[in-house]
Amino acid sequence: MKGSGIGMRLLAVAVISLTLIATSDCAGYRLSNNVWPSFYNLTINIQGDTTNPGSTFDGEVAITLQTNQSNLQEITLHKDALDISSCSLYNQNGLLQQSVATTSLIFDQETQQLTVPLSQALTANVNYTLHFQFTGTVRTDLVGLFSASYVEPESGKTKWVLLTQMQRINARLVFPCFDEPALKAQFEVHIGRPNGFNSISNTRLKATTSDAANNRYVDHFEVTPLMSTYLLAFVISEYSRVQGDTELALYSRPEYINKTTFSYKVGQQALAAYNEIFQLPYQQLGNDVLQFTSSPRFPHNGMENWGLIIYSDAVLVQDAGYTDGLKDLEFTTRIVVHEVSHMWFGDSVTFSWWSYFWLNEAFARYYEYFMTHQLSPEYQLDQQFVVRQLQLILRTDAVASTQPMTSLEANVQTPAQIANKFSSIAYAKGASIVRMWRNIMGGENFEKSINSYLKEYHLNSTKPSDLFTHLKENWPAQPAVDLDEFFTDFTEQEGYPMITVNFTEENHRAVLRQKRFLSNPGDGSNATILYTIPITFATNLKPNFQNMTPGIYFRKNITQVQLNSQNALDWIILNVQQSNYYRVLYDTPILNNIQLALTQSDHSSIAVENRAQLIDDLFNFAYAKMLDYAEVFQFIEYMSKEVHYIPWYAAYTGMERVAKRLTPHQLTNFEKYLKDITAAVYAKLTVNSRDYDVPLDVYNREMQVSWRCKYQNTACNNDVKISFEGNVEQPSPDYRETFYCAAARTTGYTRVLELYQKETNSAERDLLWKAASCTREYRNHYTTQILGNSTTVAQKTTGLAQMYEQNPNLISAIFSMITEDIQLLYAALGSWSTTAEVLSDLADYFTTTEQEQQFSEFIDKNSALFGDSALTLKTAQSTVSTNLQWADQRLGKLVNFLASRNSAAGLTIATTLLMLMSTLISLLLK
């Protein structure tokens, strides 16, 4: 066993159970601030010659610490799922001060705190070293120290990787430590690993020594910078360095040497870009190496351990012809750029407590989109951000369960409360608020503030007020605003505002009023919250959609804002490029005039982000019962002239919630509506790729084909059929699944299934399986594939979901087929709980009272079979009732609108045919 380097002789002792104490509901989860660590000397040894699940490890850690309190009689830190075999305290001279009996250690299971009682009080401001020996188990649940496996292609052997995930509070699963983000320290790591393996950690490898007695080698790593415990990482594997040099290296399986070139180059570009923009180069942060690696099993896309970023294989590895489409490459670029940004935001400068977690992730998500836009502008991620981040979080942030970006520290104590901060509020809302600040300040001022913030708090931890101080230093002087109030309105208050707009004074004045937007105003949320709102706008007289500097702030102490115009206005559009965090509801005359402007032959003068904003806002106002869906569908008829991906993304996001609630009969009219408004964009894109396509064309084509073919558009299905039958090569990875899915609905099912059965690439097999399950030959697919023995339970549940999700007019038929003999499905899935989950998900697509009745009868007849899982069916039954009630209350006018529109179109066609026939008869009689 490698010593800890403090000049002591360690004795192996038997593991003795610790004293356990009970805790109350108000247990203190935070460590006291009277002791803090400065250095960890950590050794982890893997026992045996394998990294299989269930392996054990032993370790020792020497923690250098101080106290600011005289006569301190105990030290409290964290540990979880570790067996402590020895505990000792050494004084500043390295001499033993106390051997602490393990029986006297006090462990609080709830707070995961370990208290070390001291026989001799500590002296303030003096270094001590607390030493532990311990053992633990290699886990399988992707936290702490865990293992993952893969199959080596040449030999077919199973290989194992052992790696760490310390975030959120999982360092305590690996070694006793002060596991709070503000308690930064340096780490010197030593890894004892089996012969034939190697290890990497946060810093550069310093030396390797032999531990022949235990048939292993010990790798010794350089000391880390000051950092939080959750950033410590190491990997033990048979990987090798497949890319890179001494500054940026990529470690992976040897067969990935040609499949990681792209991700490595993105890493180089991101590192260079951040070095320049932050004016604080990475190597000046305190760590002279940055390493990438990946794992076949990992709980996240990536983890920003300082100097050792661990990704999932799906991010780092591009498999030619399978995972190298534009969407795949964009995804890899975004995630790599995101994680590299954390070397500054999160690693060098860290939030002081989990209630401020957004200080890490808001900036990482912001740069994920906008630094990637700088590096790869062809993806137009500045525009994609609006629909994929901002509009997504506006929906989430309008429900009762939302939370503020910043929570009171007292409200973020327990592991569950800490986990709750890892939400889209920290990521997507945080990034949206950062974008708002940047657009108001301008790029140059924003970068000045960020750079000064990063420099001042290098190797330190911060609170939001520290960031705000630096933002204020470069904030524009005009228009005047209380910046503290503006910052905290959007970070310490949950939700966001909506602004209503109407014209007065014969259209010479726009009157603005604000209130909090709630998706369900009666859900008990606080509807009285107000915000300080930056107001930007464009009008038909001044259609400037580039200026995102607010002309005025809507302050909380006024009831309305008036915008005056010398000349009468036709329309006004607030929130230029949707750069700020609010919704806008226009009165009917303004909305009609905006629609009229959008139906002009060239509506590109209205920013594409604002076209998407109008659509998304209207759908959400309809959901909140502020508009009728009929008005929304009337408005988006302008999209018969819309060909841009961004507005269509917003439209399909809104339509998805509505289409799911339409009955099969009502869907017929919806399908006709969809065919009409998508005609132009479909004609422009077609089903076949073109050499001059830009990424958004590719994404748009995939989306249009998916929707048109799903909703029984004859032209779409025929086009896919012709292309599929005449194309011997694989379609692009970007729309392969959609293309195959559409083909399987027509005559291509057998061929898609054959492709699935022949495919050896696991990712491609999953894709082809999902596509084959789109078939309308549902009974054959269910009997031979779902109920067959050749597919896993996961494939069966995925396949079933595809069958009904992709064929909405077959819901009743599929339900009847499954419930004819529910024992068959139970036998295939292996449990009544999984069977109940499948039926529950299927029931969420019910749209008729007949389906509801059939489901109720099934539950009455079969609930005894399901045992405890019958509760899942009862809950689904209640959801069906709620869904039908919602559709009955909210979609009546829309259903009538679609029906009358279809009837009017049919009448027009019939009248035209009669006129043609009349003309023809007249000609024949001459």
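Quick reminder: no glycine exception, Cβ is built from N, Cα and C everywhere.
The active site, proton acceptor annotation in TrEMBL covers Glu339. The feature Zn(2+) binding site is assigned by TrEMBL to His338, His342, Glu361. Per TrEMBL, domain 'Aminopeptidase N-like N-terminal' is recorded for 37-231. Taken from TrEMBL, the feature domain 'Peptidase M1 membrane alanine aminopeptidase' applies to 263-487. The signal peptide feature in TrEMBL is assigned to 1-26. Residues annotated as transmembrane segment in TrEMBL: 904-925.
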If the Zn(2+) site is taken as the center of the Cβ atoms of His338, His342, Glu361, which further residues of that chain fall within 8 Å of it by their Cβ?
Glu304, Glu339, Ser341, Phe345, Gly346, Asn360, Phe363, Ala364, Arg365, Tyr367, Glu368
Which chain-mates of Glu339 (active site, proton acceptor) that are at least 6 residues away have a CB under 8 A from its CB, listed by sequence?
Gly302, Met303, Glu304, Ile309, Tyr311, Ala364
Taking every residue in the domain 'Aminopeptidase N-like N-terminal' (37-231), what is their average pLDDT?
95
Determine the most Cβ-crowded residue among the binding-site residues His338, His342, using a 10 Å radius around each Cβ and all protein chains in the structure.
His338
List the residues of the same chain that sit at least 6 positions away from Glu361 (Zn(2+) binding site) in sequence and have their Cβ under 8 Å from its Cβ, in sequence order, or write 'none'.
Gly346, Ala426, Tyr427, Gly430, Ala431
Please report the three-state DSSP label of His338 (Zn(2+) binding site).
helix
